[in-house]
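Taken from TrEMBL, the feature domain 'Homing endonuclease LAGLIDADG' applies to 33-127, 171-273.
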Amino acid sequence: MNKEIIYDIFLLHSLTVYQKEKDKNNYIEQFFVGLLEGDGTITTNINNSNKTIRVRIIIALKNEINNQNMLNQIQQVIGGRVVIERQDKYVTWIASNKSDINKVLLILARYPLLTVRKQCQLEFAKNCLLYKDVENFMSNRENMYKDKKDILFKLNQTKDIHLPLYFKAWLSGFIEAEGNFNLVFNDKGILRKSSFNIGQNDELHILNMIKFYFQSENKILKDNKKINFKGNTSDSDYYRLNLYNALSRKLLFEHFEKYPLIGEKKLSYSKFYLYHNKHDKKENI
């Protein structure tokens, strides 16, 4: 084998490894955006010690080993730091220094946020980073969500649904945060109910996108308004989508085969998948 052939083989291997690493990093970034929208927050406040503006991007999860591993993967690709806090009950990913914040902002420019609440948080943070004075912060803080209601009204009314190119990986991150896989058995161990469900406060358009993606005919339900201990009714509308038929399960399984869950949610999904895969095989024998 001559040197040119050896070099070509080495180059092909290097390019393949590079492409796989690039694909993995792109997936982690898109997944991260969905996870941030579900379980994260973009906070902007004043550092009391020196009266400077501080922006932090945080994802806080139940302290489970799979969540730790997931946030460590995000740290390796995106940056930030991972800490165990609140009496070891939570594992938290935090971006707070200039370099990490800038990298997240670049990712959010490539893969824009889809929930209006997070969009409002991001716009306020960017405004405060651009105009770094306390007076600007104080005057705009109360108006952070002032356009949210109008934007949501337009989005929630639209019938024309367009999914961004990064939606599939985004969705896996969002489901990692907000989705639930349910298997309910009776006292005799017979399956009584099986479903995937996901809910959102106010952001009906997000559930419409998910419903469209999974080709569901199910109606999105709106919960009755909750009354708190003071007797006040919640300002938010809570919507939920349930997917439970064979076609929905097939599309769910196909989706997660290509766009896997990587945190604690993969455990409940695995139980859901294994039960139905075993059950469906028995029916086909």
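Backbone N, Cα and C define each Cβ position, glycine as well.
Within the domain 'Homing endonuclease LAGLIDADG' (171-273), the DSSP-based counts of helix, strand and coil residues read 40 helix, 28 strand, 35 coil. Here the domain 'Homing endonuclease LAGLIDADG' (33-127) has, by DSSP, the following mix of helix, strand and coil residues: 46 helix, 30 strand, 19 coil. Note on the domain 'Homing endonuclease LAGLIDADG' (171-273): mean pLDDT across this stretch is 90.
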